[in-house]
Structures are given as C-alpha cells and as structure tokens.
Number of protein chains: 2
Amino acid sequence: MGVGDVSKRILLGRKLRSAQLGETLLPKRIALPVFASDALSSVAYAPDEVFIMLAVAGVTQYVWSWKIAIAVALVMAAVIASYRQTVHAYPSGGGDYEVAKVNLGRNAGITVGSALLVDYVLTVAVSISSGSQYAAAAIPALQHHEVTVATVAVVLLMAVNLRGIRESGRVFAVPTYLFMFAIFVMCGFGFVELAFGTLPQVESADLDITPEPGWDEPLTTFGLMILLARAFSSGCAALTGVEAISNGVPAFRRPKSRNAATTLLLLGLIAITMIVSVIVLAKQMGIRYVDPHHLDRLTRDGEPVGPGYDQHTVIAQIARAVFHDFSPGFYFTVTVTGIILVLAANTAFNGFPVLGSILAKDGLAPRALGARGDRLAYSNGIVFLAVMAIALIWIFDAQTTRLIQLYIVGVFVSFNLSQLGMIRHWTRALQTERDPAQRRRMVRARVINAIGLGFTAVVLVVVLLTKFTQGAWITVLAMALFFTVMRAIRAHYESVEAELAADEEDKVLPTRVHAIVLVSKLHKPTLRALAFAKATRPNALEGVYVSVDDAETDRLLAEWDQRNTGVPLRVLHSPYREVVKPIVEYAAAIRRANPRGVVAVYIPEYVVGRWWEQLLHNQTALRLKGRLLFSPGVMVISVPFQLRSSEIARERGEREESRVRPGDLRRGRVAERSGRKPQP
Amino acid sequence: MGVGDVSKRILLGRKLRSAQLGETLLPKRIALPVFASDALSSVAYAPDEVFIMLAVAGVTQYVWSWKIAIAVALVMAAVIASYRQTVHAYPSGGGDYEVAKVNLGRNAGITVGSALLVDYVLTVAVSISSGSQYAAAAIPALQHHEVTVATVAVVLLMAVNLRGIRESGRVFAVPTYLFMFAIFVMCGFGFVELAFGTLPQVESADLDITPEPGWDEPLTTFGLMILLARAFSSGCAALTGVEAISNGVPAFRRPKSRNAATTLLLLGLIAITMIVSVIVLAKQMGIRYVDPHHLDRLTRDGEPVGPGYDQHTVIAQIARAVFHDFSPGFYFTVTVTGIILVLAANTAFNGFPVLGSILAKDGLAPRALGARGDRLAYSNGIVFLAVMAIALIWIFDAQTTRLIQLYIVGVFVSFNLSQLGMIRHWTRALQTERDPAQRRRMVRARVINAIGLGFTAVVLVVVLLTKFTQGAWITVLAMALFFTVMRAIRAHYESVEAELAADEEDKVLPTRVHAIVLVSKLHKPTLRALAFAKATRPNALEGVYVSVDDAETDRLLAEWDQRNTGVPLRVLHSPYREVVKPIVEYAAAIRRANPRGVVAVYIPEYVVGRWWEQLLHNQTALRLKGRLLFSPGVMVISVPFQLRSSEIARERGEREESRVRPGDLRRGRVAERSGRKPQP
C-alpha cells in the first residue's frame with residue numbers, strides 16, 4: 001500500500017466523518033434548552049431587581065411593576081425579532097461579533113468582543129450568586145453563607161470544565177424543561193386562584209417598606225422618571241443571553257437558519273410569558289422586596305423586621321404561597337431554578353472557548369486558541385473565567401442586585417453594535433439586490449433591526465445614565481482593557497506578518513548541509529541519530545562530543561573506533577563542565593565559515609512516559625534546543641528514541657486529544673451519547 | 001577560514017582558559033575563610049548548647065564545662081588529623097562521599113550523600129536561627145521576632161543565590177578574619193583581666209538555675225553520665241563544617257593537597273582555641289544559661305525572672321561584660337558573629353550544587369545537575385534548600401537548641417563512614433606498597449584515621465542515644481528518604497542504560513527519507529524550511545497543510561502554485577479544527593507504508609524574544625513536537641526563523657550562560673574579581 005493510498009484513506013476517513021456531522025447536530029427540542037438556559041434563567045432574578053428598584057420609593061410604587069414588565073417584554077420582542085434577522089443573514093455563528101466586524105469595521109468588532117468577554121465573567125458571577133440565594137431559600141443552614149456557597153459552586157464548575165465534561169444536550173434539556181414546567185405550573189395555579197379570588201398572599205405581604213432617604217412621597221415627575229428608568233434598566237437583565245442562539249447556528253440541524261430562527265421565536269415567547277407572569281403574580285400577591293443590604297427598610301407594624309428576617313427570592317416566595325399546602329411543589333420549583341442558574345453559568349464556560357477561537361482566527365487572541373485541542377489555552381481561559389467570577393462574587397458579596405449593575409452594560413453594547421451592523425448590512429445588500437420580493441424582505445428586515453436598535457439604544461442610554469456610578473464603570477473599564485489588549489495582539493501579529501512576508505530571495509537553497517550529531521554516549525539513541533543523519537546524505541557529517549572528563553572521553557573514543565561508525569567524532573573540551581555553550585559556539589563557527597550553508601544539529605532524545613522520568617532525562621537537550629534556536633542558519637533535529645515507558649505517555653496523549661472540550665457541543669462538534677454512534 | 005580552523009581556535013581558546021585556571025585558584029589566606037566560615041561559626045552556638053545541657057541539673061554542674069570543652073577539642077583534633085589524611089589521599093574534592101563510595105561501596109556513598117543533603121538544610125536552619133538570636137541581642141526591637149527575622153534572612157539568601165551572586169573569596173575573607181579578630185580580642189582581654197583578678201561578671205551571673213524536675217541534686221552516677229553525655233554531644237556541634245575543606249581541594253592553589261592540609265590544621269587550631277576560650281571564660285564570668293523555652297527556670301533571689309528577661313547568647317554576654325565601658329566593642333563582636341553565621345548559611349547554598357553535580361555524575365541525582373549552567377536545576381535546588389530550612393525554622397521556632405538535636409547526627413554519620421573508608425583505603429594501599437618509607441607513612445595515617453574513627457564512633461553513639469527522641473529521628477528519617485530516592489534514580493538510569501545498550505542491528509540505515517514540511521502560511525519561515533528540507537535531498541518531499549477553512553485553503557493553494565516552489569502541497573482536511581492529530585496520523589501512515597524508512601517533519605518556528613510573544617506563537621508547533629516524539633521512525637526538525645525581537649532573548653540567554661552560579665568558587669571555577677582578568 002503506497003503513501004498515496006494511505007493518505008487518501010485518511011482524507012476519505014475525515015470526509016466521511018465530516019459528512020456524518022449532520023447526524024450529530026441538534027434538533028430544535030435539544031437546541032432550545034442548550035442555548036436558552038442562560039436567557040430563561042434570568043427570569044430567576046430579573047423580577048427581583050424590578051421590585052428592589054421600585055421599593056426605593058416605597059411600596060406604593062409597586063403599581064408600576066406590570067407596566068415595567070410590559071416595557072421589558074416589548075424590548076425583548078424587538079431584540080428577538082432583530083436576532084431572527086441576524087440568524088438568517090449570518091448563519092456561520094459569529095453572532096454579534098461577526099455582524100459588527102463585517103459591517104462596522106474591526107474596532108466595532110473588537111468592542112463587541114470585549115463586551116462578550118466581560119459578559120461571560122458576569123454571567124458566571126450573576127447566575128451563581130442568584131443560584132446561591134435559591135439554595136439558601138431551600139436550605140436555611142446556607143443562609144448568610146451565600147459567598148461561600150457561590151465560591152464553591154464556581155470552583156466546582158471550573159473543575160468539571162477543566163476535566164473536560166461532555167456538554168450534553170440531555171443534561172441541558174431535562175432541567176430546562178423542568179424549569180419551564182415548574183414556572184408555568186406555578187404561574188398557572190396562581191392565575192387560576194387569582195381568577196377564583198383565592199390567591200394567597202406571599203410571606204412578605206404584611207410588611208411595609210420605608211422609602212430611602214430623599215425618595216419620600218410625593219415624588220416629583222423627574223424623580224418618578226428616574227425611579228422607573230432604574231427599575232426598567234434592571235428589568236432588562238431578563239434580556240441577557242438571548243444572543244446565544246445567534247452564536248450557535250452551526251450546531252442546529254438543517255435548515256440551520258430557519259431552525260435557529262424558530263427556536264429564537266420560541267425562546268422569546270417563553271421568556272416574555274414567564275417574566276410578565278412572575279411580575280404580575282408577585283404584585284398581586286403583595287410582594288415586598290428590598291435590597292438585601294437594606295433589610296432594615298422592611299417594617300412590620302412600624303418596627304424594622306431586624307436582621308433575623310430572611311428575605312427569599314420572588315419566585316421562592318410565590319412558590320411557597322401558591323404551593324402552600326404542597327411543600328414538594330415549593331422545593332421542586334426552587335431546586336430546578338437553582339439548577340438552571342448553574343447551567344446558565346456553565347454556558348459561559350462553554351461559550352468562552354468558542355469566542356476565543358473566533359477572536360483567535362482574526363488575530364485578536366493568541367492563535368493557539370483557534371485550534372481545537374490546545375488544552376493549555378482552554379485551561380487558562382477556564383481558570384481565568386472562574387477567578388474573575390469569584391473575585392466579583394467576593395467584592396460584591398454574592399449580591400445579585402449589585403452585580404446586575406455591571407451586567408447589563410456589556411450585553412446592550414453588543415446588542416446596539418449588532419443592530420447597527422445589521423442595518424448597515426441590509427442597506428448594502430439593497431444596493432445590489434434587484435429581485436423585488438427579496439428587496440421587500442430586506443427592507444422589512446431593516447425596519448425590524450432599526451426598531452431593535454431604537455429600543456436597545458434607549459436601554460443602553462438609560463442603563464449608562466442610571467448605573468454608571470453604581471458599578472457599570474467597572475464594566476466599561478474592563479471592556480477598555482480587553483479592547484486595548486486585543487488591539488495590541490493584533491498589532492503584534494501584523495508586524496510579525498510584515499516581517500515574515502516572503503520575497504524572492506527566500507527561495508535560494510543553502511549551498512551545503514553540515515550535519516553534526518550530538519553524542520553523549522554510544523547507545524541506541526545515538527546510533528539511531530547517526531543513521532538518520534547519514535540517511536539525509538549531508539555534505540559533511542560528524543559526531544560531536546563535549547568532554548568534561550578525560551577518562552570518560554578516552555573510553556568513548558575507544559568505543560567509537562571499535563564501533564567503526566564511519567563518522568568522525570569531534571571532541572569539544574569543556575573544562576568548566578558546560579555542555580550547551582561549546583556546542584552553540586561550534587555550530588555558530590561552522591555557519592560563519594560557510595554563511596550560505598546550513599548546520600543541522602541532530603539531538604538524540606529519550607522519550608519517557610512518566611513526569612519524574614522527564615526530570616531525569618533530556619534537560620540538557622531541551623536547554624540546548626532553546627539556545628540553538630537563536631543561531632541563524634542552524635536547524636535542530638530531534639531524533640526520538642521511545643523507551644518502553646513512553647507508551648504510558650503516548651496513550652495519555654491520545655486520550656487527551658480525543659477528550660471532549662468545553663464548547664464542543666455549541667460548535668456542532670460532538671455526537672450526542674446515543675444509540676447511533678458515528679461510524680469510525 | 002575553514003571549519004577546521006574555526007573549531008581548532010575554539011578548542012585552543014578553551015585549552016588556554018583551562019591552563020589559566022591555576023591563576024584563579026585560591027591561596028591559603030583566602031581559602032581559609034571561604035571553607036572555614038561554617039566550622040568557625042559554630043563557636044557562636046556550641047558553647048551555649050553545652051551550658052544549656054549542663055543547666056538541666058542546675059548551675060553547680062557548670063564545673064564540668066571546661067572538661068567538656070577539652071573533650072570536644074580532643075574529638076576535633078582527632079577529626080582534623082583524620083581529614084588531613086583524606087585531603088592527601090583524595091585530592092579530587094569528592095570528600096566524604098568519594099571516600100565512602102570508593103572504599104565501602106555504593107550504599108555507603110549514598111548514605112553519606114543523604115547525610116550531606118540533610119546537613120546542608122540544617123546548616124542553613126541552625127546558622128540563621130543562631131544569627132537571628134545575635135541580631136536580637138544587638139537590636140532589642142527584634143527580640144521575640146526571631147522566627148520572622150530568620151525567615152526573612154533565608155528568603156534573602158535564597159534570592160541572592162537565585163540571582164547568581166559571585167561567591168567571592170573577599171566577601172568571605174573580611175568578615176571571617178574580623179570574627180577571629182573579635183573573638184580573640186575579646187578572649188584576650190578576658191584572660192588578661194582574669195590574670196589581674198579584675199574579670200567582670202556577665203549580666204546573668206547573679207541568677208540561679210532551678211534544675212529540671214527529676215534532675216535535682218544529688219545526681220546518681222548514671223544521671224551524671226547522661227548529663228555529661230548530652231552536654232558533650234551538644235558541644236560536638238562545634239565540629240560541623242570541618243569537612244568542608246576536604247570537599248574543596250580542587251579550589252586550592254598548587255600544591256593543592258598540601259595547602260589544603262595546612263589550611264585544615266590552621267582551622268583546627270583556631271576553632272579549638274576559640275571554643276575552649278569561650279567556654280572557660282564564660283564559666284569564670286559566672287554565666288547562667290538555660291533553654292530559651294524554660295526561662296522560668298532562671299531565678300533571682302528565689303523568684304523566677306519572668307518572661308520580661310532577655311537571655312543573650314554566651315558570646316554576647318561575654319562581650320558586653322568584657323567591653324563594659326566600650327560599647328562599640330560589644331556591637332562589633334555581635335555584628336561580625338551575626339555576619340559569619342549568615343556566611344555559614346550561604347556556604348550551604350554554594351555547597352549544594354557541588355554535591356548535586358557529584359551525585360549526578362554517579363547517576364544518583366538528575367543528570368542535568370551534573371552539567372554547569374542548568375539554571376533550572378540550580379534554582380530548584382536552591383528553592384528546595386530554602387523551603388526546607390524555613391520549614392525547620394518554623395517548626396522549631398528558630399530555637400538553635402532544638403535544631404542542634406537534629407544537626408549532629410548527619411555530620412557524624414558521614415564522619416564515621418569517611419574514617420572507616422580511609423582505614424580501608426590505607427589497608428588496601430598497604431597490600432601493594434613496597435617502599436618502607438611510604439608504608440610507614442601509610443601505617444601512621446591508618447592509625448590516625450583509626451583514632452578518628454574511635455572518637456567519632458563514640459560521639460555518634462552518644463548522639464544517637466541522647467538525641468534520638470529529641471529530634472534526631474527526624475534526621476534519620478530524612479536520610480532514609482533521600483537514600484531511597486537516590487537508589488531509585490540510580491535504578492532508573494541503570495534500567496534505561498540496559499534498554500539503550502547498542503547492538504549490531506542499530507547500524508542499519510533507513511532506506512528512504514520522506515520529508516514533510518508543515519505549512520501554515522506561505523511566508524519566510526515556511527520558505528526557509530522548504531529550502532532547508534530541499535537541501536537535505538530527501539527521497540520524497542512535500543508540503544503539508546491542515547485545512548480548517550475552505551476559503552483560506554484555496555487562497556494558500558493559489559499562492560503555492562504562483563510561487564512555483566517545485567514541491568507538492570498535500571492538504572489534510574480537519575473539519576474539527578484539529579491541527580495536531582491529522583499530522584501525527586499522516587506521519588504514522590507514511591511510516592507504516594514504509595517501515596524501514598524515516599519520516600522527517602520540518603516545522604518552521606518563529607523565534608521571538610519576549611515572554612508574551614512566546615504565548616502568541618509556536619504553541620501548536622510545541623504541542624505537535626510533543627506528540628510526534630511518540631511516533632517511531634519520525635524525526636522532528638525545527639527550522640527557526642529569528643524575528644527581530646529574538647535579539648532580546650538571545651542576549652538574555654548569553655548573559656544567563658555567563659552568569660556566576662552558586663558553588664563555582666569552591667570548584668575552582670571563577671576568577672576572583674581582580675586586576676588580573678583572565679584573557680579571553
């Protein structure tokens with residue numbers, strides 16, 4: 001069998017696998033939970049934030065709650081409609097980043113990239129903080145230990161992702177559908193009871209809320225506007241995560257774009273229904289909810305409830321009241337909510353490598369991130385995410401309310417640039433499109449994106465105005481930092497590329513090859529290196545031995561003669577026991593003597609399998625290779641000799657290569673663990 | 001100029017330097033302080049330990065102090081006389097290790113090696129702990145912060161040695177001579193005053209010592225024997241470090257052995273004079289000195305002095321009394337004592353790499369330790385020393401008294417094995433020697449070593465009996481650990497050597513060389529790699545490109561054709577964006593198709609200079625090289641392309657190579673910084 005056949009089989013093998021890929025892609029019913037867990041999980045904290053903000057001016061302002069819910073729902077509808085256009089126009093999965101880069105230029109792309117990086121960190125911090133509050137609602141012993149719970153959760157997520165867990169559609173599907181089920185059942189029950197007039201009150205209904213200083217009634221019109229703007233912008237936390245589907249189009253089954261758009265529509269309907277239902281129900285059930293740092297503003301009969309009061313999340317309070325005589329219902333709701341929040345955080349761990357590889361492809365991140373399987377790069381990214389998230393959790397005391405202030409800016413920066421990019425996209429497309437039906441569709445799409453831009457621009461302005469001093473400045477600063485780093489990386493790659501651009505001179509062949517084989521002993525690895533070196537038929541070939549001990553040198557010389565290798569052995573004396581320097585200098589001297597030639601340094605290398613064996617071998621070879629790289633006109637040839645123990649490491653390496661990496665699923669890369677295993 | 005000339009010049013250059021080595025060797029007046037600082041510094045703590053041990057049974061037992069001093073002096077004289085024989089018989093500087101290995105076999109050698117390793121750690125811990133007590137005597141603010149002072153000192157020593165300080169003879173000479181001067185002046189003054197009957201009392205003279213429970217007078221004979229044995233074995237701490245000269249013979253000027261023997265004699269005379277003088281004077285001046293952990297046993301008029309009492313070291317107390325109306329004398333004495341203790345600790349940092357390289361040469365330590373310039377190995381050793389010493393300082397609360405219990409075992413294990421080895425050495429030599437004068441000399445030397453063995457064996461038994469439960473068991477355990485590790489390393493190297501032993505089959509040449517050049521882009525590095533690969537005239541040559549993106553692949557193929565490189569380009573499709581795996585599989589397939597051939601994989605490599613640039617390049621190349629090493633019949637050729645920034649790293653590398661390493665001086669390797677610089 002010739003090399004050609006073998007390589008063709010490899011190629012065909014690959015092609016087959018590539019063709020099979022379709023079978024492993026996600027159907028809508030699996031794609032929805034995989035990509036929607038982040039967006040849906042925000043139902044767990046967005047209503048709370050609305051009530052907290054309104055509570056600033058006392059409980060009477062809760063009358064605005066359902067209007068704010070409607071406003072948030074409107075924005076979400078506009079954004080979903082916009083992204084349905086994106087999904088059709090950019091099916092490659094670059095999402096906001098690609099839209100901004102292609103239509104608005106590189107800097108807009110980098111800005112979106114920075115915003116997304118910040119978002120991933122905040123997704124982890126916010127979701128896990130909120131999740132730890134749900135855990136505390138279900139398990140009273142965890143109360144007041146939310147920071148510890150959240151930290152442990154992030155560390156566990158990190159460990160699981162470092163280990164390389166299969167991001168399975170099933171793992172997402174079951175809890176996400178259970179979460180939808182729980183929320184819909186809870187709200188359904190609630191509305192039925194509301195219709196029958198038997199709706200119970202939540203546990204905090206008998207409390208009153210002291211307005212914050214300066215927010216006593218009656219509010220001025222301006223004051224009211226500020227209050228509503230703040231409540232609205234906090235409520236927009238519900239929109240975080242809706243962009244995920246636009247990044248994941250390649251993972252959908254064909255027709256990818258249409259399926260993604262349908263899934264997006266479904267996601268929008270579900271999310272809007274949930275958020276409006278929860279807010280309306282909570283208001284009807286007399287919720288009283290304040291910033292957990294200002295629990296003393298909650299009063300019962302004019303007296304503060306004191307530090308002993310445990311304020312439970314809005315969904316927990318509703319669930320407790322609705323399922324008042326069926327406590328499994330309460331525990332079920334709270335548990336699945338906690339699980340979906342953890343899944344949402346895991347989303348960030350899976351999305352981060354995908355974003356990294358997209359940025360790497362454009363030279364904005366280390367190129368190694370672009371290739372699959374660079375475990376080190378993956379690991380560093382995952383640890384980075386976890387450390388940043390834990391830092392935020394500690395700084396902000398695992399208080400979702402305070403983290404939310406940082407969260408929404410990044411999300412809406414990418415929303416805005418993405419919508420703006422889409423408008424530009426359609427405008428460009430209209431310049432060349434002649435088919436009237438297509439043109440109509442494009443014009444309609446442009447209108448939808450313009451409406452989306454209108455809404456998201458207003459939200460961004462409101463968010464910046466109301467939240468900048470509350471913490472959004474941190475996000476802006478972090479984005480500026482990421483922006484600068486990415487620009488610097490890009491500039492570096494460009495300057496290297498310019499330095500490396502090929503010109504005609506580079507085709508000149510070296511006139512001669514002078515090969516030297518490093519000899520430390522006359523054993524199998526050395527003999528193999530000599531044989532390999534001879535096989536390349538260099539113009540000159542010699543063994544080189546660094547002598548640090550006369551007796552040993554004599555022994556080697558005798559053995560060399562006796563072996564009759566046919567290769568001369570040059571001995572470099574090194575009275576100071578240096579090994580690297582004499583060789584580097586010798587190679588440089590050969591090169592100087594023949595500047596148009598090339599020096600080929602053959603290094604026999606032991607290949608061992610255990611980490612401690614590594615410490616015992618090859619250290620000098622490693623150091624030598626590192627130094628020789630700096631000598632012009634020298635190439636370094638490793639001639640490996642596999643010791644028996646190397647088998648261990650080879651197998652480990654193969655396991656490593658075939659291991660599932662975070663983000664594989666959302667690139668459509670991994671077969672679901674199912675009966676239909678892809679054929680090898 | 002041909003290659004031959006160039007290489008000859010390099011060789012001659014080397015030889016010249018080698019010949020000049022004599023000029024840089026140490027004269028006796030410099031060698032004495034370099035090698036004696038460790039031994040002399042023990043005068044700073046050995047007397048204290050004698051008094052502490054005697055104080056266990058109350059102050060009346062101090063009458064034994066000068067007799068114990070004499071006993072210690074006798075042992076020291078015997079050991080010094082023994083080592084003078086070693087220095088003559090083994091001028092290569094292997095010291096105790098070599099003597100034991102050559103005469104008693106490998107296991108004895110390994111035992112001595114383990115003992116020395118443990119000793120280095122303890123030298124640092126003991127010297128620095130004692131030094132911090134002197135610092136506290138001079139600067140009252142440091143009192144009760146000895147652990148912190150000692151830790152900071154070890155960290156500083158570590159940093160200085162990691163940085164690579166020139167271990168200069170001058171740095172040792174000045175403080176060591178000042179220390180001798182200070183001690184001799186102090187004792188001289190003291191004895192003059194003693195003669196005139198005006199000897200003042202030390203600050204603790206008016207105190208009384210309560211015996212420890214069970215040690216109240218009258219002591220039984222057996223009790224007294226135990227007391228004296230413990231005091232004597234503690235006093236033997238004065239002997240630590242006398243073996244240093246026998247490890248440093250190669251650093252002496254010619255005639256090396258005679259000069260070393262003379263220096264050893266001088267060292268012995270000085271050390272014995274000092275230790276006896278200090279103990280006798282302290283006794284005469286009414287010293288009261290107890291374990292710093294039992295300060296409550298010091299009483300004044302029947303009342304314990306309480307925790308407010310600061311117990312100063314013996315030398316500090318003598319100096320304060322002798323120089324009572326001349327405080328600079330006190331401060332000078334205490335300061336130079338502190339400095340010499342730090343120098344003694346530094347000795348360990350310098351001796352450690354020397355021992356490492358000797359052990360490495362015998363395959364008992366990672367081979368990389370054997371070559372000069374392996375910065376990583378040096379650094380790891382230095383950090384290891386420092387961390388272990390700090391751990392001991394913390395565990396034992398920087399109390400010299402408690403660390404001494406661990407110290408002496410290791411020293412006397414190597415003393416014993418070394419003397420035993422010497423006896424064996426002379427016995428063997430006598431079997432062949434016929435010259436009567438030589439024979440007489442050998443018999444005399446054997447008697448001296450036998451006396452030495454007698455003394456050191458008694459001390460070892462006494463030390464083991466009196467100190468095993470006090471902490472010596474830790475030393476024994478640590479030695480056993482090092483012993484096991486060294487045996488395991490040796491066993492590993494031997495099994496590898498057996499596996500690698502050359503046989504006739506290994507000379508068979510590969511039938512063909514199939515070269516593949518990895519192509520990522522068509523730029524200078526790739527073109528250079530192609531040119532180099534062509535120059536080696538392989539049987540088959542092709543470029544290999546891993547395609548992860550069709551558009552990019554088409555662009556490259558077009559460029560490839562246009563360039564007309566004359567080399568076919570093979571495209572490996574990788575739908576999953578893997579880069580490493582397709583290449584490894586392709587190389588393996590080529591090899592399988594032609595099992596007697598060789599696959600040469602050329603990897604163009606960027607060489608950059610800054611660490612963050614490293615992160616941006618070559619990650620995939622690195623990973624690929626790591627994986628290809630495990631494929632039999634594949635050699636990996638790095639074709640470096642030096643970017644402009646690589647200049648930075650090249651210069652750093654050269655600075656690194658020429659940097660002074662710890663231990664260089666004691667291998668006779670570094671020229672003193674003097675007017676006569678060695679010619680290049």
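Cβ coordinates are placed from backbone N, Cα and C, and glycine is handled just like the others.
Note: TrEMBL annotation is automatic and uncurated.
According to TrEMBL, the feature region 'Disordered' maps to B:650-680.
The transmembrane segment feature in TrEMBL is assigned to B:63-83 (among others). Below 8 angstroms of C-beta separation, residues 46-47, 50-51, 54, 227-228, 231-232, 235-236, 238-239, 242-243, 245-246, 264-265, 267-268, 271-272, 275-276, 279-280, 282-283, 415, 418-419, 422, 448-449, 451-456, 459 of the same chain, each at least six residues beyond the ends of the transmembrane segment (B:63-83), sit close to that stretch.
Annotated transmembrane segment per TrEMBL: B:104-127 (among others), in sequence order.
Sequence annotations record features per position, and here TrEMBL assigns transmembrane segment to B:147-165 (among others). Same-chain residues lying 6 or more positions outside the transmembrane segment (B:147-165) and placing a CB less than 8 Å from one of its CB atoms are 124, 128-129, 131-132, 135-136, 342, 345-346, 349-350, 379, 382-383, 385-386, 389-390, 393-394, 397-398, 659-662.
Here the transmembrane segment (B:177-199) has long-range neighbours at 33, 40-41, 43, 270, 273-274, 277-278, 281, 284-285, 315, 318-319, 322-323, 329, 332-333, 336-337, 339-340, meaning same-chain residues at least 6 beyond its ends whose C-beta is under 8 angstroms from one of its own. According to TrEMBL, the feature transmembrane segment maps to B:177-199 (among others).
Marked as transmembrane segment by TrEMBL: B:219-242 (among others).
Per TrEMBL, transmembrane segment is recorded for B:263-282 (among others). Remote same-chain partners of the transmembrane segment (B:263-282), defined as residues 6 or more beyond its termini with a Cβ less than 8 Å from a stretch Cβ, comprise 28, 31-32, 35-36, 39-40, 42-43, 46-47, 50-51, 65-66, 68-70, 72-73, 76-77, 80, 83-84, 87, 180, 183-184, 187, 190-191, 194, 202, 235, 238, 242, 245-246, 252, 289, 314-315, 317-318.
The transmembrane segment annotation in TrEMBL covers B:330-355 (among others). Sequence-remote contacts of a segment are chain residues at least 6 beyond its ends whose Cβ falls under 8 Å from one of its Cβ atoms, and for the transmembrane segment (B:330-355) they are 37-38, 40-42, 44, 97, 113, 116-117, 119-121, 123-124, 127-128, 130-131, 134-135, 137-138, 153-154, 157-158, 160-161, 167, 171-172, 175-176, 178-179, 182-183, 186, 241, 244, 247, 315-316, 319-320, 323, 369, 378, 381-382, 385, 389, 661-663, 665-667.
What TrEMBL lists as transmembrane segment is B:376-396 (among others).
The annotation transmembrane segment is assigned in TrEMBL to B:402-426 (among others).
As annotated by TrEMBL, transmembrane segment applies to B:447-465 (among others).
If you look up TrEMBL, you'll see B:471-489 (among others) marked as transmembrane segment.
Using a cut-off of 8 Å between Cβ atoms, the transmembrane segment (B:219-242) and the transmembrane segment (B:447-465) share at least three residue pairs, counting only pairs 6 or more apart in sequence. Taking every recorded stretch in B:376-396, B:402-426, B:447-465, B:471-489 and counting its Cβ pairs under 8 Å to the transmembrane segment (B:104-127), the highest total belongs to B:402-426. Sequence-remote contacts of a segment are chain residues at least 6 beyond its ends whose Cβ falls under 8 Å from one of its Cβ atoms, and for the transmembrane segment (B:376-396) they are 120-122, 124-125, 128-129, 147, 150-151, 154-155, 157-158, 161-162, 345, 348-349, 352-353, 356, 366, 368-369, 402-403, 406, 471, 661-662.
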